[in-house]
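Record features, source TrEMBL:
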- His264: active site, proton acceptor (ACT_SITE)
- 85-87, Ser114, Gln135, Thr163, Lys240, Ser262, 295-299, 318-319: FMN binding site (BINDING)
- Tyr137, Arg172, His264, Arg267: glyoxylate binding site (BINDING)
- 6-367: domain 'FMN hydroxy acid dehydrogenase' (DOMAIN)
Amino acid sequence: MDRTASGEDVVLALHTYEAAAKERLPGPVWDFFAGGSGTESMLTAGRDALDRIRLRPRCLVDVSRCDPGTELLGARLAAPLGIAPMAYHRLAHPEGEVATARAAGDAGALLTVSMFASRTLEDIAAAATGPLWLQLYWLRRRDLMADLIRRAEAAGFRALVLTVDAPRVAFRPRDAANGFAVPSGIRAVNLAAEVMAASHGSRAGESAIARHSAEQFDSSVTWDDLAWLHEVSSLPLVLKGVLTGDDARLAVEHGVSGLVVSNHGGRQLDFARSAPDCLTEVVDAVAGGCRVVLDGGIRYGADIAKALCLGADAVMIGRPALWGLAHSGTEGVTGVLRLLMGEFEEVMALMGAPTVADFGRSGIATP
Ligand SMILES: Cc1cc2nc3c(=O)[nH]c(=O)nc-3n(C[C@H](O)[C@H](O)[C@H](O)COP(=O)(O)O)c2cc1C
Ligand SMILES: CCCCCCC(=O)C(=O)O
């Protein structure tokens, strides 16, 4: 949000937050946030797919009161909107994930905290008034994963999100060109320092993030290993990065409570099918057996409506939250969330859909 000369609050457009973040952040940090993998073909794929979808409104419906509220895995949300897991929020703002958690709580949105958060799970939970999920990559050191899960449970996190599209961090040309490494003052404080060492220390022509993931991620895990996670924790398990009906069916068979259909913001498999294009296949495959969330390129309230029409239960935003954070910490992230929620509420009215249950496949046309 911003203020006019007379002191009124003004909601900024999303691109204003983006432009401000680009101006404020050091070039390599901006590239780490904005960049993608390989040819970067996937950076625009999700957006293009969403833009191709057109809405089919109904008229003469009572929309004098629209309620964007919903429920997701036992949590009440002000709208079907959350923040996707992103590493190292302190790269964007000194308060990092604590500022983001405050904003998500203020706006009534879900926050998924990355395993590579730069504030402790306990500090984040203390600042949060809304639901928190914890994201995990599968580390070779399972003892560290188990420890993190125990701490998350004690701090009141409500679900685990296992990212399954990143057996290793993909080649990201901008990070390689910048020799990107996490600055020494910012750490993944929830993990042991010796395990994180490779993420620091710049080498020309190489991304320290990619080097670190190759060293620490266990790329041998398979569906059978999910049993270990279910043993370690009774929290609902969500898989992030599922893009096919076959994997979606397997997920339900393996006791998974939710899926995030995602291209990892264009940062993992290059030349994949875009997440919105995979959504109906996944929704049809799970047939109500688990909840489905979409992320990637969500930038307008209308995108939330389109995702719901395709069968998603909610959406998550990635980079826009970091733009808000870089712009003005908690206030900036709140501004971004409120902007999207406000647009969504208007789309509900104009679509003749006073509740989230009123969105369905008849609400969209795809050329
Ligand atoms: C800077 C950055 C860091 C990210 N870190 C993680 C992470 O730690 N874990 C994860 O599962 N996804 C991570 N992601 C992917 C996001 O969760 C999400 O899938 C993606 O950003 C959504 O696309 P959007 O940025 O277009 O909204 C990251 C994305 C960005 C931009
Ligand atoms: C070894 C640290 C990996 C952090 C990866 C975060 C990220 O950039 C992404 O998932 O994308």
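Glycine is treated like the rest: Cβ placed from N, Cα and C.
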Practice problem: Determine, from DSSP, whether Arg299 (FMN binding site) sits in helix, strand or coil. | Solution: coil
Exercise. List the binding-site residues Gln135, Arg172, Asp295, Gly297, Arg319 whose Cβ sits under 6 Å from any atom of ligand 1, in sequence order.
Key: Gln135, Asp295, Gly297, Arg319
Practice problem: Cα within 10 Å of His264 (active site, proton acceptor) is the criterion; apply it to the binding-site residues Gln135, Arg172, Asp295 and give the hits in sequence order. | Solution: Asp295
Quiz item: Which binding-site residues among Tyr137, Arg267, Gly297, Arg299 have CB under 6 Å of ligand 2?
Solution: Arg267
Self-check item: binding-site residues listed as Pro85, Gly297, least Cβ neighbours within 10 Å
Solution: Pro85
Exercise. Specify all same-chain residues, apart from the site residues Tyr137, Arg172, His264, Arg267, whose Cβ lies within 8 angstroms of the center of the Cβ atoms of the glyoxylate site, ordered by sequence.
Key: Ser37, Asp165, Ala166, Val169, Ala170, Gly265, Gln268
Quiz prompt | Residue among binding-site residues Tyr137, Arg172, Arg267 with Cα closest to the Cα of Gly297 (FMN binding site) | solution = Arg267
Quiz prompt | Alpha-carbon spacing, Arg172 (glyoxylate binding site) to Ala87 (FMN binding site), which is rounded to whole Å | solution = 15
Self-check item: DSSP three-state assignment for Tyr137 (glyoxylate binding site)
Solution: coil
